[in-house]
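Below: the structure, in structure tokens.
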Amino acid sequence: MAAFYDSRIGFDQCILLVVMSIFCCVCVHGSDPPLTLDYYKEKCPNVLEIVRNEMECAVLSDPRNAALILRLHFHDCFVQGCDGSVLLDDTITLQGEKNAPNNKNSLKGFRTIDRIKNILESECPGIVSCADILTVAARDAVVLVGGPFWEVPLGRKDSKTAGYELSNTNLPTADDGLLSIISKFIYQGLSVTDMVALSGAHTIGLARCVNFRERIYGDFPITSAMNSASETYLKNLKSICPPGIGEDNKESAMDYVTPNLFDNSYYQVLLRGEGLLNSDQELYSSILGVETKKIVQKYAENPIAFFEQFSESMVKLGNITNPETYVDGEVRKNCRFANT
Ligand code: HEM
Ligand SMILES: *[C@@H]1O[C@H](CO)[C@@H](O)[C@H](O)[C@H]1NC(C)=O
């Protein structure tokens, strides 16, 4: 089943659908997005190799780049579906998503996508969508830091618009409670299991002080055992992130044990009550999280189970589409701007 960001259809589209279904017996609505594994096989046979090579360079030069690209893809898909909307710059007529509060001073990695797009435009101009580039790049990012591999269905279109307001409402935040986070995933057609597995992305990458200050001056000592190791960790976090205001953009790893490795150590950190973000620790410690707690325990014990579910859930994440984009979408020439 596809998750529809907006499943209403207008009268004119309805007539069109009736006419279409009379002639070709196709019900566009409610069907899975038309994504296929061999979408570029004829039109751009080297696409996967090119993305992979560029991602290799990017991650080799700085493993943080893997985290940046993975998060970009997530923030793309939760706003209007996976349509490259997150990549659009502000213009006079378009308010992009980059400056929405959840993204500002936080989302990065755009130049990596630009570089890949440039190469693909010279290799096969006008063929590969920015949304597909981002989806494949996110998969490669995970593989390159030690995570699982999965096949990526392709054929997404790029949007001509962005969703500034939707960025504010759809994206989960560090201080969201567990139920709020669950409902934001359900809204996208993703289950509680998908949510817990996809949160495992926080096994790589950094968060800023502004997003974990309340947690470290709040209930961190309560959720963690406060043995000498976690006391040292907390002291270190407090030195990075002072109380009150200031140093909002100072960063710390969400998985402090293996910050550059895609493994299941994030869940083990949660078992010890040492999750950096409030939203992370809630998966294990919330009184409302009976189900999520069990899943966290499972992935902490069983890295294979985590990898398998993460792969499947990433395909589901990448499948989120706005059906209108298939009718109205395009393949952008420059990922930062809709074609004129
Ligand atoms: C479950 C709800 C989620 C919440 C509340 C959440 C929240 C956050 C926050 C607050 C940050 C730090 C941003 C900053 O301080 O600038 C972050 C970073 C990150 N998130 Fe999430 N996230 C969630 C789910 C996901 C998912 C599903 C993915 C990908 C599949 C993801 C991938 C990442 C990555 C890789 C980073 C590190 C980025 C970097 O190094 O700059 N997150 N997330
Ligand atoms: C994703 O979409 C493709 C078709 O577009 C479908 O074949 C596949 O089953 C979907 N996968 C998941 C996990 O939803």
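Please read every residue number as a count from 1 along the shown chain.
Backbone N, Cα and C atoms are what each Cβ position is placed from, and that goes for glycine too.
Feature annotation from TrEMBL assigns domain 'Plant heme peroxidase family profile' to 34-339. Annotated site 'Transition state stabilizer' per TrEMBL: ARG71, in sequence order. Per TrEMBL, the feature active site, proton acceptor maps to HIS75. Under the heading heme b binding site, TrEMBL lists HIS202. Feature annotation from TrEMBL assigns Ca(2+) 2 binding site to THR203, ASP255, THR258, ASP263.
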One should report the C-alpha separation between ASP255 (Ca(2+) 2 binding site) and HIS202 (heme b binding site), rounded to whole angstrom, as 7
DSSP on THR258 (Ca(2+) 2 binding site), three-state: which is it? coil
Taking the Cβ of the residue listed as 'active site, proton acceptor' as the reference point, list residues of the same chain whose Cβ is under 8 angstroms away and which are at least six residues distant in sequence. VAL86, GLU97, ASN102, ASN103, LEU107, SER167, LEU171
Residues sitting within 8 A of the centre of the THR203, ASP255, THR258, ASP263 CB atoms (Ca(2+) 2 site), not counting those, run ILE204, VAL257, PRO259, LEU261, PHE262, ASN264, SER265, TYR266
I'd like to know which of these binding-site residues, ASP255, ASP263, is least surrounded, judged by other CB atoms within 10 A. ASP263
With H, G and I counted as helix, E and B as strand and the rest as coil, say where DSSP puts ASP263 (Ca(2+) 2 binding site). coil
Hey, how far is ASP263 (Ca(2+) 2 binding site) from the residue listed as 'heme b binding site', Cα to Cα, in Å? 10
So which recorded positions out of ARG71, HIS75, THR203, ASP255, THR258, ASP263 are up against ligand 1, CB under 6 A? ARG71
Show which residues of the chain containing ARG71 (site 'Transition state stabilizer'), separated from it by at least 6 in sequence, have their CB under 8 Å from its CB. LEU107, GLY109, ALA201, GLY205
If you measure between the CA atoms of the residue listed as 'heme b binding site' and THR258 (Ca(2+) 2 binding site) and round to the nearest Å, you get 11
Cβ neighbours within 10 Å, counted over all protein chains: which one of the binding-site residues THR203, THR258 has the most? THR203
